[in-house]
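Per TrEMBL, domain 'MacB-like periplasmic core' is recorded for 18-245, 500-697. Under the heading domain 'ABC3 transporter permease C-terminal', TrEMBL lists 280-400, 731-846. According to TrEMBL, the transmembrane segment annotation covers 16-36, 277-302, 325-351, 371-390, 419-440, 446-479, 500-522, 727-752, 777-800, 820-839.
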Amino acid sequence: MLRATLKSLAARKLRLGMSAFAIVIGVAFVVGSFVFTDTLNRTFSDIFSDLNADVVVGPATPEGQDSFVSMAGSGAGVAVPAAVVDEIAQVPGVERAIGEVENSSVYILDKDDKVVGVAGAPGIAVNYLEGMAEDGDDVLQLVDGRPPERPGEVVVDDQTIDKTGYEIGDEVSIITLGDEPRITADIVGIVRFGDDGSLAGASLVAFETSTAQELFLDGENAFSQVQITAEAGIEPEELRASVAAVLPDTLEARTGAEVDDEFASAVEEGIGFFNTFLLVFAAIALFVGVFLILNTFSILVAQRSREMALFRALGAERRQVTRSVMIESVVVGLVGGTLGLVLGLGIAWLLQVVFAAFGMDFGTGLVLQPRTVVVAYVVGVLVTMVAAFVPARRAAKIPPIAAMREDATLPESSRRTRWLIGGAVTVVGAAAMVAGLADIATNALLFVGAGVLAVFVGVALLAPIISVPIISVITSWYPRVFGTTGRLAKQNAMRNPRRTAATASALMIGLALVSAIAVVGASTKKSTDEALDDGLNADFVIANATPGQPFSPEVGERAQQTEGVDTVAVVRYVFAVVDGSQDMITALEPDAFNQASPIEMVEGALDVSGDGAIVGEGRADRDGIDIGDTVRFDVTGGHAEVTVAGIYDDDHPLLGGGFLVGLDTPRAAGLPDADSTLYVLAADGADITQVQAALDQATAELPTVTVQNREEYKQASRDGIDQMLNIVYALLGLAVLIAILGIVNTLALSVLERTREVGLLRAVGLSRRQLRRTVRLESIAIAVLGAVLGIGLGLLFGISLQQALSDDGLAVLDVPLGQLIAFVVMSAVVGVLAAVWPARRAAKLDVLRAITTE
């Protein structure tokens, strides 16, 4: 049986290889995501190990603060006084204590006035120091020139020098958060960061200490943190305890390893989303691949039914027949896993090249963990075995007497059983969706999602039954238009409902997801447009070109002084810990903001003066917050307490339903001023075009800041949604590609299975052209069946998701009918393309040899 299995594999290499392609794609995504994220983790781990000494002292971090905020420093206003640094230096076991001034929102401009570095990467500024990292080497290693010694001098990292072409002696422009948002300085030296110089796309500039303090600490003789090196023989944990004993409550001491771990946790948290994103599409590709493998093995087993019955007649047991098919599946899985592993490494390498092209050099090779190799083969083999199990069991049920018949066939499962199981699963899924949409369930989105998955499975089970009437309708015009070839194509498409349904189901899954995403995407854009039309009165929006990054308050001052500007509403976002968990607080001036985008109060007053605050209705209901309650906000190095004065309607286009406070509250917590967004209203009668030109001029020297009118702001929102949709469509396109391959595979195997029939048709006068047309029409019918089922389900799922999210900003349903119709037309084209090779193969069959084929 083993020899027979291996011979069967050798004889069907191409067909099984096409099945393996689905495994290759799925495994490649899994491997690529793991390798790429492991490489990113290694890169940042190397950076962090170069960053800190044995012990680090800085502002106290509130418990529950998000790792990202800790890593960014949260813009902490609390600093370490120079006197404390001197005191730390006297602690027994301290070899040296060096004060460090740092800021992560300072950007170098290149010679074309463009920001250096990867979009979203920090712009790091420090005082020049010769502190030592945990490995004993200096954090900054001077590779050329000299250190900065006076104001107006800087040193720059070597990667930025390579990117920009700057040289020692050149003047460089730098964007800061200070009162003077753009400054210039002379480059007097070049430094390398750590051992390999990698900053993962960030830029670094170092000033002499007093200049850094003036720029980033308002001239205070203090430091952002202190890097402490232990004497030989002193453990970091021991030194941390000794240093902590001399610190005030506003400061804390941590070992360098603890800080490294916290930073690594922040990176893993951020990378985790990217990893999950890729793994979701890997799962989709594998799920679609299951249908392809199931169909391939079902057809191959059906074609070998007489052979397997003969094995049974010669004494082979059922488990031996089952084992024979499963061994084939294991080989296919191993081949697919191996090729997927190689392709996954290629994907990770390509991602690394793309990131490097945008300025993010990882500074390390690809990281292939043993876990990744194991996962590649486990996924490849397991998915293939699961898909092949049902055909293997059916093969084992062939009675030995079937070997005596030329028309030996596999036993079919009961239509009644399929109706009962498929119908039950579909009904349960529909009930879950209704429960989610009717607010019967506590977690609407979870119930809708679970219901969608159940309906998916239920429809896939019912597909062999419901496909017959649907294909009958789809192909009803075939005989009238194409005559004999149309009738043959219609009958062939309906001949084996299980096979047709399995082939169409693969395409159904891809198109259902694409259609659902299209509905949700269109609804998101429509909802955003209407919300901004109704709730945004501002004529212009000024923000950082890098989303989420703050900018100097001087920008707001310049905007307010611009001719034709009436009001500038300042908004500042602050990360704080509220009741033990991370939260984002919005600070604003209520009168100005109310003009830019009115806030509707549900209860109480819009009073955020002093220690006043308001909160969204949903948040208040969830956390049991009432008017008059006191809420504490904890930030790095400080805190503030506010009293709730009102509750507002959180169905607002610009506010997330969280806490709103006055601009003085972050200051009370010790945080420096840094604006996040400005909403600008033009004066009555002012020419909007002229005002925008004046605002552009006022911010011309700050390429980090963008000025958009209302329509540009709306378009930017739509463009952001479209970019995400395009990425999703591209990744789902792989699932559709696998489905197309499934159609090709099914048609090719069906042609082989019907070799004798094809020969007879040719013998009685069917031309090659007519035969090719028959195969093409059959392929179109299968593809359109998948499109009808997929788009139908996609519409259902998309509308359900929109309804489930209607209270979370997705208030308007928009069904892109033109796009959905295009999907159907594209499916028909896919059917034509998928039939090219099988149709040509069928037309080339030798008539006499085909007639004599058993």
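Every residue number used here counts from 1 along the chain in the order it is shown.
A Cβ is built for glycine as well, from the same backbone N, Cα and C atoms used for every other residue.
What TrEMBL says about a protein is an automatic prediction, not a curated fact.
The average per-residue pLDDT of the prediction over the domain 'MacB-like periplasmic core' (18-245) is 82, rounded to a whole number. Annotation: stretch 277-302 has the most Cβ pairs under 8 Å to the transmembrane segment (727-752), among 277-302, 325-351, 371-390, 419-440, 500-522. Contact between the transmembrane segment (16-36) and the transmembrane segment (419-440) is not supported: fewer than 3 Cβ pairs lie under 8 Å, counting only residues 6 or more apart in sequence. Between the transmembrane segment (820-839) and the transmembrane segment (277-302) there are fewer than 3 Cβ pairs closer than 8 Å, counting only residues 6 or more apart in sequence, so the two stretches are not in contact. Per-class residue totals from DSSP over the domain 'ABC3 transporter permease C-terminal' (280-400), listed helix then strand then coil: 101 helix, 0 strand, 20 coil. Away from its own ends, the transmembrane segment (500-522) comes close to residues 284, 287-288, 291-292, 294-295, 298, 456, 459-460, 463-464, 467, 471, 493-494, 721-722, 725, 728-729, 732, 735-736, 738-740, 742-743, 746, 782-783, 785-787, 789-791, 793-795, 797-799, 801-802, 810, 813-816, 819-820, 823, 827, 830 of its chain (Cβ-Cβ under 8 Å, at least six residues beyond either end). A Cβ distance under 8 Å defines the sequence-distant neighbours of the transmembrane segment (446-479), meaning residues of its chain 6+ beyond its ends; these are 415, 418-419, 421-437, 486-487, 489-490, 493-494, 497-498, 500-502, 504-505, 508-509, 512, 777, 781, 784-785, 788-789, 793, 796-797, 800-801, 804.
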